[in-house]
Amino acid sequence: MSHYHRQGGPGQPHDSYEDQQQPYYTDQAHSGYDHHSYHQQQLYHAAYDAAQPEYQAAPVKPQRQPSRIRSNSSGSRSVSHTPAAYTNQGIPPVPSNLSAARQRSDPSQALPPSSSSYAQDAFSRPSYSSHRNAPNAPNSNHPSRWDPNASYDTAPTAPLYDPAPLPGSGQLDADPSQHSIDLGVREPLYDDQVMQQHYPYGGAAAFQRSDSYQSGRPGAGGYHSIDDEKSIHSKHSNQPPGAWNAGAPSMPYNNMPTSHSTIQMAQPAYPPSPYGEYEMHATGMPEPNMSIAGLGAPGALIAAAPMPGMQHHDSTYSRENRERIMRKRTVKRIPLQDGNLVLDIPVASSISKSTTNNPEFREMRYQACTSDPDRFIEEKYTLRPWLYGRETEMAIVLTCYNEDDVLFARTMGGVIKNIAHLCSRTRSKTWGPDAWKKVVVIIVADGRKKANERMLKALGLMGCYNEGVMKDHVLKKPVEAHIFEYTTRVQITEKGEVKVTPCPIQVVFCLKEQNKKKLNSHRWYFNAFCQMLKPNVCILLDVGTKPTGTSIYELWKSFDKHHRVGGACGEICVDTGRGCTALFNPLVASQNFEYKMSNILDKPTESVFGFISVLPGAFSAYRYKALLGRPLEMYFKGEKLHSGEGSNSIFEGNMYLAEDRILCFELVTKEREGWLLRYVKSAKAYTDVPDRVPEFISQRRRWLNGSLFASYYAVWHWYRIFTSGQPFLRKLWLLFQVIYNLVLLVFSWFGIANFFLAFYFLLSASTSTEGSDPFGGQGAAIVEIFQNIFIAMVIVVLVCSLGNRPQGSNFAYTSAIIIFALIMGLALYAAGYTIYLALDAAGLTHTNGWRVDNLETLFKTSGFRDIVISLAATYVMWLLCSLLHLEPWHMLTSFVQYLFLTPTYVIILSMYSMCNTNDLSWGTKQSNGPATDLGGATGCNSKQDGKGEMVDVKIPTSAADAEELWTHYRQTLSQPTVEVKQKRDKATRQEDHAKNFRTNLVLIWMCTNALVVIIFTSTWWNKYVRNHIYAGAVRRGEPVINPYQSAIFWSTAGLSAVRFVGSITFLLLRLFGH
């Protein structure tokens, strides 16, 4: 086409009053743009949506920022005050990369970069290295003009382009004959009906927006009048009534020239902010993100949660409805962009209502990635935040496997609250109203067929997933991951409600085609996405872990305050349910106590040393530049080991079951760098813990094996402390920690023996005093019985651990836990009675007052001294530290449960993990081979000039299709989740049955043998023999032989005699020919 606009818009007369009175620039002011009312804008939205989108040329990002220069040149041509400013051309969607943007423009009439001052200033913020040292008032100190004649180095460092007019940017009016682009009319952003004072971040009453608002009451309602500041709004004496009813955000171009400026074709342009820029004054208010979006105030309900008794469609209806929607997809012929399938798909209008045509909120971007994550950039894949040229301060990754929508909503809700908190920090040098632009939330699902369907539909309701666009092959190349990008403004609550978020959230959803485990998910995060976004801080979360409202900020602050911090973690708390009802389960209560004491004793101690042995992957943070090099290289070495591509070392395989421990060690001992690890007490996150025995044992097997072998690795490589960049005193301090960890490792190795001996000595001490027996004179028999029961249960656990899955031996493991709890109770009773005997021996049980000589006698008693000191060093210290940390409640609610389940942690879990060091799995099965159920992007043997190879894809093409699919997702999620008991398939049941038969047979065999040994070696049997069977021999002084021994001897002789007789008989028969 010969030009890029059409005169007039549909239904708009060329000589309308507003067109005649609203030029691009006015002679009465130096503020930039004039504006039409909101209603004028709506007249052209239909034309914008109906037109075929056109791409603008993608400029090249210069190596230095020229945005502080503006032209004072007066040679620019004037702009015609005609309705030509309005075009029916659609808002161009975001070009996916540099090549594609160039290809979509006619080479003969290529569009130059936009001359919009809006675009010029979008990247005039301080550089990445110093942006935290500058106040969060964007572009406040820029010169007022950009010199179009300035020369720049055009070497491409990163593709940046000028997406079409976004909020408040207006439409471009291009004249290719002049090789320049004129500034278009800046359209209004607010409507009278929606311009309410919704302050998404709280406390906004103290702020005032920098807009001018004129509706017969200048300055009223907390807004500045036009006289208050140099606004972009000009004061027009001939302005028609109501023309300024809709304000627009103030832009920092305070001294714009009265004549119109153009930018020459060769000059670089900068992308405008996709959500508008606000100029913060001393009393300015945060950007009202959601009130301008058309969705309503933060927290506004878009779809209600399912109600009890609500009628629901059955699964057959939902399946048929989905198939009907999938059949409505249209086959489109589109060009590949740099050989990659990249699509911009409209999202449902229910979640994209807006007063602007911003493609960031109206379209979801999909990429079918066929490359390995290590080659993501090399294969020219891109991400939207990078295309927009945004600096990413924080990248938050949420890894998931098959978690449901409730767990996902819990985690995502916590993340959204944290980002909203960052936006509320208006006095921060880094954060503020636009903080959401510096945070990218990356969700990585481990396997398309393993992912929970309800979680995927929850992402679909947020606009971050559309199953209708996914392809499993692109030109016969299998797809490795499906990448969806969308800046969402809605969230799903745990109750199933769809609500407006406090601020927009940049989401990247990576759905891996195959299940390749968590390490591979982190490789996508670090080596693909972070390598492109270059975040300062990386936050790691597991779906199901819910950070509290300010936790992520607290983690980030530890990096911002201390430049040597390379990693940090917060406190992971057990989710005890509403009213702490989950604590009625002893398993949950014991884990709650274990987590609390670890966060009170272990983590603070290790943080003082500067080396935390493990930063839990469920909630931790790292400085990205600290991870580069050997730490990430060693971290991802475990992926090859678990996939069978690396060495066959069982030691390394178990070591990488706790790969986060390896990462921490490599980070602290990194050569020529002195990074430290910190524990941040104020950062908390809640997580679910196993509440059933099989899941609990399976989880701890991986943890214990990984931590044991990783501890060996850290102790064995202690010398690497001295090759790191740590200061000398820190090296000595870390060496002391290595010695401390070595002692803990030794105690862990002998844990079972130490526990048995402690139990044996306590019972022996309580029954050693003649005439004083805590068991009514049967102390010796009780000690012997329980000693044998202890040994028997160790044998039972050993046999079960050698071959049985916990899921197939639930009864055996549960019985062992109960019996060991009784043994622990008996040991505590014996310890208490021993202390009583010591008090009685010191005369303290019969006196009215304790004297010094009584206390001296008491502490000279070894039984009291040793037991009391050891118990006080443990239990009393727990209580004291809990009180000092102002967190004593777990001592009341969970201490007793943990006390009785201590043998489970020391014996059962340790034995099961040791017996399964050959199992290097994470409890999931890796799927192999590419899938072919989605359909692919097939070649059509045709090319279009400048557009590369064309492919045919079947996709939804309109917002109506997206809305229908969104409604289907909503209907499906409105059906309550049916609690389905876990069932084993036939093969697994047969395998478990065979293993149970083997285990039962071995146990019967071992137990009967042990029973014989126990009976005929017991003290009772020996007394019975001496007093009844051989009483006469005892009186005569003859030696007493155990009758069982005699029976064994005579039986052996008899059996030998039988064999002797048989052998002689055979010879005789052979002699006589038989």
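Going from the start of the chain as shown, residues are counted 1 onward.
Cβ from N, Cα, C; glycine included.
Per Swiss-Prot, the feature compositional bias 'Polar residues' maps to 19-29 (among others).
Residues or ranges marked as compositional bias 'Low complexity' in Swiss-Prot: 68-80 (among others).
What Swiss-Prot lists as compositional bias 'Polar residues' is 85-119 (among others).
Residues or ranges marked as compositional bias 'Low complexity' in Swiss-Prot: 129-143 (among others).
What Swiss-Prot lists as N-linked glycosylation site is Asn72 (among others).
What Swiss-Prot lists as N-linked glycosylation site is Asn97 (among others), and the listing cites sequence analysis.
Swiss-Prot lists Asn149 (among others) with the feature N-linked glycosylation site.
The N-linked glycosylation site feature in Swiss-Prot is assigned to Asn289 (among others); the stated evidence is sequence analysis.
The region 'Disordered' feature in Swiss-Prot is assigned to 1-32 (among others).
The region 'Disordered' annotation in Swiss-Prot covers 56-179 (among others).
Annotation source Swiss-Prot lists region 'Disordered' at 209-255 (among others).
Residues or ranges marked as transmembrane segment by Swiss-Prot on the basis of sequence analysis: 608-628 (among others).
For 742-762 (among others), the entry in Swiss-Prot reads transmembrane segment. For the transmembrane segment (742-762), the residues of the chain that approach it from at least six positions outside its boundaries are 708, 711-712, 715, 783, 787, 790, 794, 823, 827, 830-831, 834, 867, 903, 906-907, 910-911, judged by C-beta separation under 8 angstroms.
Annotation source Swiss-Prot lists transmembrane segment at 779-799 (among others), citing sequence analysis.
Long-range contacts of the transmembrane segment (817-837) within the same chain, counting only residues at least 6 positions beyond its ends with a Cβ under 8 Å from a Cβ of the stretch, are 693, 758-759, 762-763, 765-766, 769, 772, 774, 786, 789-790, 793, 845, 863-864, 867-868, 871, 899-904, 907-908. Per Swiss-Prot, transmembrane segment is recorded for 817-837 (among others), and the stated evidence type is sequence analysis.
What Swiss-Prot records for 867-887 (among others) is transmembrane segment, and it gives sequence analysis as the kind of evidence. Listed by sequence, the residues of this chain that lie at least six past the ends of the transmembrane segment (867-887) yet keep a Cβ under 8 A from its Cβ atoms are 596-597, 600-601, 762, 831, 834-835, 838, 895.
Below 8 angstroms of C-beta separation, residues 752, 756, 759-760, 763-764, 766-767, 773, 812-813, 816, 819-820, 823, 826, 907-908, 911-912, 915, 999, 1002-1003, 1006-1007, 1010, 1014, 1018-1020 of the same chain, each at least six residues beyond the ends of the transmembrane segment (779-799), sit close to that stretch. Same-chain neighbours of the transmembrane segment (891-911): 580, 583, 586-587, 589-590, 592-594, 596, 697, 700-701, 704, 748, 751-752, 755, 794, 797-798, 801, 813, 816-817, 820-821, 823-825, 828, 878-879, 882, counting only residues six or more beyond its ends whose CB sits under 8 Å from a CB of the stretch.
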